[in-house]
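Asker: According to TrEMBL, the site 'Transition state stabilizer' annotation covers 13, 20. Under the heading site 'Positions MEP for the nucleophilic attack', TrEMBL lists 152, 208.
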Ligand SMILES: Nc1ccn([C@@H]2O[C@H](COP(=O)(O)OP(=O)(O)OP(=O)(O)O)[C@@H](O)[C@H]2O)c(=O)n1
Ligand SMILES: C[C@](O)(CO)[C@H](O)COP(=O)(O)O
């Protein structure tokens, strides 16, 4: 499958002066871990790396260090993750039938997770990695709980990769742009287009590096895996 990596964010919650994906994680740029895992998945045949042009030289340097076995094409991201993914979809090679989207900030996903998602895409129009939540969730407005607590047994935390049939995902993105939908993952577009999305088992360690503490957690996980 083809895989898009949104990597054009500003990392506001990280508070860094540069793209958080270029921050060091065990003496390597964070995103190099993501790229290495994605390219090691047997199901991934092409990578679209979506970034801001000012980061492309750093991206090139990372790729030069990795020598990945799959081709990588750059695309220019937009002001939101949703716009960046749409830009990445325009860069897909002609004839691409299945695409997965994986956050550059999720640097701990394993190759097996991408292959598991790809297997699900063989039978479903859409599939996402997710894990059951462990906390009780609340809907809150102005610091006050506002409605019945959701049944935790049916609550899952969506991760990436998220994979889709290309024609349907393109249609959902176009519909979203036409109707002003603002979503934080691609599965939400499928849902609003009333298309089914299968859930595949994610990984507890597949965290999205968002705030500074996540960098420390990511290092612990990498060290436990034997990374040096
Ligand atoms: N305009 C954007 C915003 C986000 N992303 C990417 O989408 C992924 C998930 O987004 P997030 O973790 O929120 O990254 P940022 O948007 O950079 O973080 P923040 O919201 O704290 O600014 C990241 O790999 C990020 O680079 C993107 O490609 N284009
Ligand atoms: C796509 C995602 O990783 C699923 O959990 C998440 O919605 C991304 O959110 P962000 O605010 O763009 O990091």
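Glycine residues also receive a Cβ, built from the backbone N, Cα and C atoms like all the rest.
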Asker: Rounded to an integer, what is the Cα-Cα distance in Å between residue 208 (site 'Positions MEP for the nucleophilic attack') and residue 13 (site 'Transition state stabilizer')?
Answerer: 12
Asker: To the nearest whole angstrom, what is the C-alpha distance linking residue 20 (site 'Transition state stabilizer') and residue 13 (site 'Transition state stabilizer')?
Answerer: 9
Asker: Measuring Cα to Cα, how many angstrom lie between residue 152 (site 'Positions MEP for the nucleophilic attack') and residue 13 (site 'Transition state stabilizer')?
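Answerer: Cα of residue 152 (site 'Positions MEP for the nucleophilic attack') to Cα of residue 13 (site 'Transition state stabilizer') measures 27 Å after rounding.
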Asker: Please check the recorded sites 13, 20, 208 against ligand 2 and give me the ones with CB under 6 A, sequence order.
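Answerer: 208, by Cβ distance under 6 Å.
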Asker: For residue 13 (site 'Transition state stabilizer'), which residues in the same chain are close in space, meaning a Cβ under 8 Å from its Cβ, but six or more apart along the sequence?
Answerer: 210, 211
